[in-house]
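Visitor: Got a structure here, written out as structure tokens. Questions coming.
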Amino acid sequence: MKLIVSVMPRSLEEAQALDATRYLDADIIEWRADYLPKEAILQVAPAIFEKFAGRELVFTLRTRSEGGEIDLSPEEYIHLIKEVAQFYQPDYIDFEYYSYKDVFEEMLDFPNLVLSYHNFQETPENMMEILSELTILNPKLVKVAVMAHTEQDVLDLMNYTRGFKTLNPEQEYVTISMGKVGKVSRITADVTGSSWSFASLDEVSAPGQISLASMKKIREILDEA
């Protein structure tokens, strides 16, 4: 289980002020570029990639329809992703498949896609269909984050993940039950078959995130013989 921490600067000045040494315990950095005005993203990109040079990095534009901070037309979304990919080669690129399915074909040349689905309202009844459709597309990683309201919501997602991982051992998954009741899904990633778990440093990027320090301790305990 790799631990991912998001950076969410809201300006070039905030990006330049980031102290990369505070993120050394994170295995992967996620740049949530949606916290910036869309016209500032490409201006801030050099500072982010210089700051975290040599680190694994996920480039993410989380749109409002999936719980993020930005609204982008399909053309704007694809343009920003392609520009960042061309000039900075992030290790992973998050792609909101269900929000931008109509332009997905333009991303087929990218081998490092994280195909993602986010639902901040509920754990939908068609989770099996969602996981199945994303798996068939054979991305680098399938990411599903849904809101849990009951313990059964959490158990359902964990069981679906374990089942899909068993049937597709070469496919990497990240599944998250958001919210307080879903915290257990964040610490049992290795059991359910998730490759990553998201943690927070100063600011959470999703409900129910656990601090990086706590997640590191939990991982150490779980890794003990």
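Cβ from N, Cα, C; glycine included.
According to Swiss-Prot, the protein carries these features:
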| type | residues | note |
| --- | --- | --- |
| ACT_SITE | His118 | active site, proton donor/acceptor |
| ACT_SITE | Lys143 | active site, schiff-base intermediate with substrate |
| BINDING | Ser6, Glu30, Trp31, Arg32, Arg62, Arg186, Ser205, Gln209 | 3-dehydroquinate binding site |
Visitor: Cβ neighbours within 10 Å, counted over all protein chains: which one of the binding-site residues Ser6, Ser205, Gln209 has the most?
Guide: Ser6
Visitor: Checking the recorded positions Arg32, Arg62, Lys143, which are within 10 Å of His118 (active site, proton donor/acceptor) at the Cα level?
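Guide: So the list reads Arg62, Lys143.
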Visitor: Can you tell which of Arg32, His118, Lys143, Arg186 has the most other C-beta atoms within 10 Å, given these are the recorded positions?
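Guide: Its Cβ has the most other Cβ atoms within 10 Å: Lys143.
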Visitor: Provide, as an integer number of angstrom, the distance between the C-alpha atoms of Arg62 (3-dehydroquinate binding site) and the residue listed as 'active site, schiff-base intermediate with substrate'.
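Guide: Distance (Cα to Cα, whole Å): 13 Å.
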Visitor: Taking the residues Ser6, Glu30, Trp31, Arg32, Arg62, Arg186, Ser205, Gln209 listed for 3-dehydroquinate, what is the greatest CA to CA distance in Å, to the nearest whole number?
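Guide: Site span for 3-dehydroquinate, by Cα atoms: 20 Å.
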Visitor: How would DSSP class Trp31 (3-dehydroquinate binding site) in three states?
Guide: strand
Visitor: Rounded to a whole number, how many Å is the Cα of Ser205 (3-dehydroquinate binding site) away from the Cα of Lys143 (active site, schiff-base intermediate with substrate)?
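Guide: Between the alpha carbons of Ser205 (3-dehydroquinate binding site) and Lys143 (active site, schiff-base intermediate with substrate) there are 15 Å.
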Visitor: I'm trying to understand the geometry here, so how far is the Cα atom of Arg32 (3-dehydroquinate binding site) from the Cα atom of the residue listed as 'active site, schiff-base intermediate with substrate', in Å to the nearest whole number?
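Guide: Computed Cα spacing between Arg32 (3-dehydroquinate binding site) and the residue listed as 'active site, schiff-base intermediate with substrate' is 15 Å.
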Visitor: Going by DSSP, is Arg186 (3-dehydroquinate binding site) part of a helix, a strand, or coil?
Guide: helix
Visitor: Cα-Cα, whole number of Å: Trp31 (3-dehydroquinate binding site) versus the residue listed as 'active site, schiff-base intermediate with substrate'?
Guide: 16
